[in-house]
Amino acid sequence: MPSLPTLIFIAIFCLESLAAMLQNGFLVTMLGREWVRCRMLSTSDMIVACLAASRFCLHGVAMANNLLASLDFSRAVPYMNIFWDLFNALTLWFTALLAAFYCVKISSFSHPTFAWLKWRISRLVPKLIKGSLIICGLEVISSATGNILFGQRKVSLSSYRNETLVYRVQASFQLYFFLYDGFVWSIPFLLFLVSTVLLIVSLCWQLGQMRDLRPGPCDPSTQAYTMALKSLTFSLIFCTLYFLSLFASALKIINFQNHWHWAWEVLIYANICLHSTVLVLRSPKLKKGLKTWPQLQCPCDAGSQGFGRCWP
């Protein structure tokens, strides 16, 4: 029987996961309805919809995976881990893609590379989304293949009844998977980190110029830049904490029955849940859609609903 602290953290984790699934389900539903009614989505909304869908699945798989492991259904965990690897990789890549898109479209750098990308990024987004899907699929296939080979090797070595050899092989495989996960996770995270930092630097420079021309603190443009910088800072913090939490969790030093494991899971998934909240709050369209959500009104209606006109 789990201890009282463990049960408390399990309850918090499940409620957090359900809230995050509801939040991301709202994003997918609103953007999906807009695409169905208007037959189009902006490039940024395409990335947000893909990111929300991957996070919805990630929270669901994480909740199922942790509950199965805590209930001693260990045979099902390796299969659930395959889905978790897929949706976690998609979440990292779509987060990086969204940060790179905003960096290219909003930043004011005069370098020729940024000028070239600014004109072509919108047309490249569908290809980048397909490329992210292919990369994540290859990552999952290679990871699943490695796990299968490790399982077969472990079974063959156990027949020799040499526990020391089995332990060494297991330790070497764990080190390999840790380094492999660290490598494949680091690529999208570095893209996200560089894009977000560059965008923050660009906005700070623009804000400094604007304050020189309009010294008033209540200027609407100045307030808009300040709010954008705050949301970017929160996004940077939450996504960085999620990435670091993944590394700590890959070390597998916490037992599933230990209540600290569940506390750690609450912390990990709270970061991406809060980042999804930032995405909703910084989008006027989604904020207005949230207010009118109970009515389920058509996104192609009047501009008062916040979706604007649907162009053919």
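Each Cβ is built from the backbone N, Cα and C atoms, and glycine gets one as well.
Relative to the membrane, THR222 and PRO284 are annotated in Swiss-Prot as lying on a common side. The transmembrane segment (40-62) shares more Cβ pairs under 8 Å with 82-104 than with any other stretch in the list 82-104, 128-150, 232-254, 259-281. When the stretches 5-27, 82-104, 128-150 are ranked by Cβ pairs under 8 Å to the transmembrane segment (232-254), first place goes to 82-104. For the transmembrane segment (82-104), the partner stretch with the highest count of Cβ pairs under 8 angstroms, out of 5-27, 128-150, 183-205, is 183-205. In this chain, the transmembrane segment (259-281) touches the transmembrane segment (5-27); three or more CB pairs sit within less than 8 A of each other, excluding pairs fewer than 6 residues apart. In the predicted model, residues of the topological domain 'Extracellular' (63-81) average a pLDDT of 80.
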